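Engineer: Take a look at this one; I'll ask things after.
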Amino acid sequence: MIELLDPAEMAEADRLTIAAGTPGIVLMEAAGRAVADVAARSPLGTRIAIACGPGNNGGDGFVAGRILMARGYRLQLGLLGSIAALKGDAALAAAEWRGETLPLADLDFGGADLIIDALFGAGLDRPIEGPAAAAIAAINASKARVVAVDLPSGIHGGTGQVLGVAVRADDSVTFFRPKPGHVLMPGRAHAGRLTVADIGIRPQVLDAIQPRTALNRPELWLPHLPTPKVDGHKYDRGHALVVSGGMTQTGAARLVARAALRIGAGLVTMASPPDALAVHAAHLTSIMLKRMEGAAGLSELLADKRLNVVAIGPGLGPVDVSLPLVEAALASDASIVLDADGISAFREDPDRLFAALRKRSAPVVLTPHDGEFARLFPDLASLPGKLDRARQAAARSGAIVLLKGADTTVAEPAGRAAIADNAPPFLATAGSGDTLAGMITGLLAEGMPAFEAAAAAVWLHGDAGVVLGRGLIADDLADALPRVFARLFV
Ligand SMILES: NC(=O)C1=CN([C@@H]2O[C@H](COP(=O)(O)OP(=O)(O)OC[C@H]3O[C@@H](n4cnc5c(N)ncnc54)[C@H](O)[C@@H]3O)[C@@H](O)[C@H]2O)[C@@H](O)CC1
Ligand SMILES: [K+]
């Protein structure tokens, strides 16, 4: 598992390591060396400019400068503030630097082939302005390759937000573990290629820190992915019910149903309003079809306890239709994936949803995009950072909250969260979200725990996008799953 440590957790990792006997300057030496190694992928003769800030990020810059100079690179180093004002490890690192230290404003970024951005890292705590902002503008205007130390300066390590202005790096070199800000947008786009260097912090410090955020990678959920038994039966793999909208909007529900079946549900049944039965009958093959007369009809269907998951929301229709249906689903014992119109149904009264959620024992996964999120959690929508938004929404609602985007974040009420970075831009296409809802539904049907099911579906959906690449449409995503699984289980 790849844990993501926010700046406070990372500072704690440093502190514990130093307390256990490794001096901070030893960590800084290792950090500076890792930066120098990435910079040194550019050949000798490269003209390097190093921009150092007033804290330990700048200290890393001094170390990298010393090492690169010893390797024969031509370089200039500029400092924001004075050497005399440096403290602690940064002061020690600067004392070992034998070259000239220019005022930051005197650095010739335009004449550099490579810029090392060591202005601010984990300690950035306010918007950047003044001379540092001018330096960042000059770095971004230059044609040089940019290597950021820890984080691109201006990106907040916890949220990925830009504070004022931010460096656009080609490479970022971080230490021990990545931060949420390396994965959350726009931080990920600013960071470029990420190198995570070992600087001698022992993974045992994580036992004390207990990080709650991880990168969404298979290690996180693979141990929970159900494997069908050799002597098993389709009834062992769950039975999902997908609730369809009316005659003119049935496609979304079929995307959900197909994805649920493809990913592994034993059986999938489409619950269809009477007017849409003929349309579905013309399209469905391996998915079963049942007639559903309004909310009462849905309740009747859900009296069959073998239906262990309900997917409801995609193409469901306006609030007068959708609200009673969702309330009928919420009153059942089944797990629920609530998406799209099913979420918007509560825009006038989100507390009504939260109250219903508190009464349930089976899990609910909410899968809003930003607009739907703002309908349920208007006060949280403006929080900086998707991670906090998802986490606070999960805590408030008691549901697993999956907040979509290039950095889809899944959070559970107890605080665990996973951030994905594998979705290609082609995934942002009509019906893609319906397929994702279906993938979660299928994994829940098979009995996968809800947080892991949501995280797994996000990753598998992203990988289906990678497998298909340019030209994909949502209809293809479910059908790409066999190839995705083949890659996963090589
Ligand atoms: N022993 C350690 O703690 C280690 C730290 N490391 C480096 O240390 C960095 C963190 O060091 P620090 O905590 O000193 O923090 P930073 O060096 O990131 O920045 C803190 C300094 O910048 C100032 N500052 C913050 N925001 C500003 C703004 N918007 N405008 C102007 N000034 C601003 C602060 O007042 C403080 O002086 C990491 O990112 C990493 O590069 C590495 O050397 C590994 C070891
Ligand atoms: K930096």
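For all residues, glycine too, the Cβ spot is worked out from N, Cα and C.
According to TrEMBL, the (6S)-NADPHX binding site annotation covers 56-60, 121-127, Asp150, Ala252, Gly315, His369, Asp434. Residues or ranges marked as K(+) binding site by TrEMBL: Asn57, Asp117, Ser153. Look at TrEMBL and you will find Lys404, Gly405, Ala406, Asp407, Thr408, Gly433 tagged as AMP binding site. Residues or ranges marked as domain 'YjeF N-terminal' by TrEMBL: 10-207. Residues or ranges marked as domain 'YjeF C-terminal' in TrEMBL: 217-488.
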Engineer: Using a 10 Å cut-off, grab the number of neighbouring Cβ atoms around the Cβ of Gly59 ((6S)-NADPHX binding site), all chains included.
Structural biologist: 30
Engineer: Using only the Cα atoms of Lys404, Gly405, Ala406, Asp407, Thr408, Gly433, which the record gives as binding AMP, return the largest interatomic distance in Å, rounded to a whole number.
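Structural biologist: Looking at Lys404, Gly405, Ala406, Asp407, Thr408, Gly433 as a set, their Cα atoms extend up to 14 Å apart.
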Engineer: Fill in the CA-CA distance, Asp407 (AMP binding site) to Asp150 ((6S)-NADPHX binding site), as an integer in Å.
Structural biologist: 20
Engineer: Among the binding-site residues Gly405, Gly433, which residue has the largest number of other Cβ atoms within 10 Å of its own Cβ?
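Structural biologist: Within the set of binding-site residues, the most crowded position is Gly433.
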Engineer: Across all protein chains in the structure, which of the binding-site residues Ala122, Ala406 has the highest Cβ count within 10 Å?
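Structural biologist: Counting every other Cβ within 10 Å of each candidate, the maximum falls on Ala122.
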Engineer: So if I take the binding-site residues (Asn56, Asn57, His369, Asp407, Gly433) and measure from each Cβ to the nearest atom of ligand 2, which come out below 6 Å?
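Structural biologist: With ligand 2 as the reference and 6 Å as the Cβ limit, the list reads Asn57.
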Engineer: Any of the binding-site residues Asn57, Asp150, Thr408 with a C-beta atom under 6 A from ligand 1? Give them in order, or none.
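Structural biologist: Near ligand 1, sequence order: Asn57, Asp150.
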Engineer: Within the chain of Asp117 (K(+) binding site), which residues six or more apart in sequence place their C-beta under 8 angstroms from its C-beta?
Structural biologist: Ala51, Ile139, Val146, Val147, Ala148, Val149, Pro152, Ser153, Val167, Ala169
